Structure formats: C-alpha cells, structure tokens
Amino acid sequence: MASVMEDPTLERHFKGHKDAVTCADFNPNRKQLASGSVDKSLMIWNLAPKGRAFRFVGHQDVITGVQFSPSGSLVATSSKDRTVRLWTPSMKGESTVFKAHTAAVRSVAFSHDGQRLVTASDDKSIKVWSVHRQCFIYSLNQHTNWVRCARFSPDGRLIASCGDDRSVRLWDTTTKHCINCFTDYGGSATFVGFNSSGTCIAASGSDSSLKIWDLRTNKLIQHYQVHSAGINSFSFHPSNNYLVSGSSDSTVKILDLLEGRLIYTLHGHKGAVITVAFSREGDLFASGGADSQVLLWRTNFDSRSYQDVLQQHSRRSTPDPPPHLSDIYPRIAHLHQPQPSAIQISPTVADTRSTDPHVIELGQAFQSTVLLNSKTHLTPTQASANGHHSNGLPARHIASSRVEGWKGGESAGRGGLTAGNQTGPNGGGKGRRDEEEIAQTHPLEVLSGHPSSLDSTLRHIVQQLDILTQTVSVLEERLTLTEDKLKECLLQQSQILKDVRASEARRRTDSEGTDGSPLHFT
C-alpha cells in the first residue's frame, strides 16, 4: 500500500452554503474556488487560510453550474430559473443576465479562448453565446429529452453533450451538425467532459457507469463500474492520467486511467456527492454535496512518475491484473470492475485551518436576504457560520431531503445520510466556538423531534413497504414468464394448425388426383 504522504489529504472544508452544493470550479489564478448551491447563491472562497468568502445573490432558483473564464476575470453560472449569469468576482457583485432558454439551464461552460459560452437545458437544446457581445449565437437541437451537460473541446471545434435521452452527442461547431452519437447507456447520461488533449471524451450515467471514448477511432476504450449509485460529476486530471468522480453513494473515487483501475475511495461527505473538480494545475481538487459543504483536497498522488506507481503496485500483497496499457489503441472495449485492493481513505485529521470564513453578502437580493434572516435575529454572516436555517434545523438535514430538486426528480439524494467517517461535518449549535470544534471530530445526530415509538412504527411501515415492493416485483417477473410461455404455446398451436391444414390440403389434392386419373388395363 502507498505511504501516507502519497495519499490524497483533506486540506480544508468550507461552510457557508445553506443547502446542497451542486457545482464547483477553481479560479485559474489558484487563489479562489467558486461553488453554487440549491440555496440559489454563488460563493467565492479564498484559498488563503484567513481569506474572506463572498456570497453573490441574484438567481431566483437552484444554481446548477459554475465555471471561471480562462482568464479568471469572469464567473458564469446556470440556474433552474432559466437564465445564465456572467459575474465579475469583485466587491461590486455585478452580473449580466443571459435569457434564451425556455426551461431550466443545467450546465454552463466557457470555450478555452474565453470568447464563447455553451449551455445545456431542459428545453432539449444546447445554446452557444458570445461573451464579448453578450448575446445568443446559435442552438443545437437533436436531443429528445433534457440535456444535462455540454462542454467545448480544448480547440473549440467540437461540443460534447449528454442528457436524459441516454445519448452522448458530438457536435461540429463550424457546420452545427451532430457528427457522432453514442447511445449505449442504461439510464440518463449525467455529465460529459473532454480530457485536456481533446483526444477523448468521458461520460457518466445514472446507472453508475463511466465510459471513455477515443475520438480518433470513435470507439469505447474504457468502461468503469466502480460506484454503487449514479455518478453526478467527474473531472479529468490535467495530466490525463487520473480522473475523480462523485456519486450519490456518498463517495469520491479516483481512477488511474493509465492502469485502468480504481486507486482511491474517499469518504468525506454525508449524503450524495454532487460535484467534483480538479484545479487547473491538478495539485488540488474539490468536492461538494448534499451536506452543504465544500471539501478541499490535496492531490499528492500525481507528483510521482508512472514508473514509480507501477513499481509500487507490483510490491502489493494482493496481485493486480496487468495494467491496461493497450487502452491507448485497443482492439476491443472491455469493462473495468472495481479491484479489491483499492485504497479506502477515511480522513480523520483535525483540519485546524477550516475556521468558518467571514462571508460578505453581494448582489441584488441582499436586502431581502437580510430582512428574511432578521426574523431569527441572525445576520447573514451569523446564519452561514452556524449552518442553521430559520427553523433551527441544521442545514445538512434540510439539504438531504431537498437534494433531488437540483436534478429535477432524479435519484441524486438516494445516498441519504449514511453512516461513515466524516471529517469536519456541518454540526454544532448556536454559534458557540467550543461546540463547533467538537463537531469537527464528532458528528452530531440530528434529532427528529418525534417520539421513539412513532419512529419505530414508521421504520416498520417502511420495511413492510419494501417487502411489498419486492413481492410485486417477483409477481411481475412471474407474470412476464407466464405471458412468454403462453405466447410460445399459442405460436406452437398456430404452427400445428398450419401443419394440419397443409397436410389435409395435400391429402385432398392427392385423393382428387387419384379419383380423376384414367384406368389403364393391360
């Protein structure tokens, strides 16, 4: 097993969002991290130990996507309020609103020259915008259901998109035509992205699969099935050697793409992990989820050469299959199953650097936010520091029940609040410093307020419903089998009737021929 220094480590956690974190991106200047949330706000976090955080308010519904421009001077966000906003990350909190979609906008991304934006929407379209002229340019329309994600290739000549029609499409930005379509998904395709060289695209699915295609051959070269629930997001390492993914199974997993296998499983979130992102240099990555937190991780494993990695793995006590180096030019596609030797990381560091940052409120709706929070006698800064809603329940408890909202009814929150190790959970009470420090190492249980007898009754009802569901599914299977048998019997009967009729017809013909033939005497 690799030494501790080579494993990814938890650097910090950021608390300030009041609901599930849906998207995150690093500023190319290496000083900031942006995140969007179900709480309708955009947060800009300073990576310096004592830096302030900025909350930008303007969207009227869930923020679904966020990305810094290549220069780092602009931030684009998409929202279920059908708009895209272009923010200047400064104290002014100014933003420009783009409106053209007729339904929720699911993702937003800059081209690598920073001149264009591409957005994906529930109106089944992909739209391209001019950043400089701040206007809509053209639409791409061939998806037959909601479009979940769209991204430019590094050279800007292609756009990849995916959606609920279970397809991944590749578009030529010059001709505006769909030049390829991959449709072998068992469920919705949730996220899509190019590697940094633009030679491959990857797409994840609600069926927990992650697939990588080589665009030079248009063939599937890698297929991973390492999560136990749908994958919500992933990010290529800038070296193209690694990929990080976040899932509704509450884990973050890191894949070695050269070796073709899972190498790390990180347990840091309670509930679904909705977004993951590598920094532009690859030395850091972030994850956000239903627990309203953003976790900042140091990569570490990318500092070693690939030959060192191979030598390290060859010394493991559990032998691994040979690395899939043929994936560069494969003859056939093959499935990568999770290996039992994957390293499970459950971070337990005290994370002393993660004192809650001072949050500065910016944007159009700041006054209304202050008025709303004044009913609970808390300023917005205090509310975000405490991590509580006006009803007194911890934000994480609220977020877990509403995480499905950002995905439009999908199973994003099926991970639930599962048991497991958690570093820096969003616990604590009433802003007291000592309780917050205790909460960082000892997660607090959320008390429901119902009598224990009622809870046990409800659990019993849920168990009975599960049994009924299983029984119904078994009955459905048996009915299907019975229907198949009946169809088979009917087909056999019809075939027998045809054979009988044919034989009778032959007999009649033979008898008529015998009766009508003249007799010859010798």
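Every residue, even glycine, has its Cβ placed from backbone N, Cα and C.
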Annotated range (TrEMBL: region 'Disordered') out of 303-324, 501-522: 501-522
Chain residues outside the repeat 'WD' (140-181) and at least six past its termini with a C-beta under 8 angstroms from it: 103, 106-107, 109-113, 116, 118-122, 124-128, 187-194, 196-198, 201, 203, 205, 213, 215, 218, 408
Tally of DSSP helical, extended and coil residues in the repeat 'WD' (224-265): 0 helix, 23 strand, 19 coil
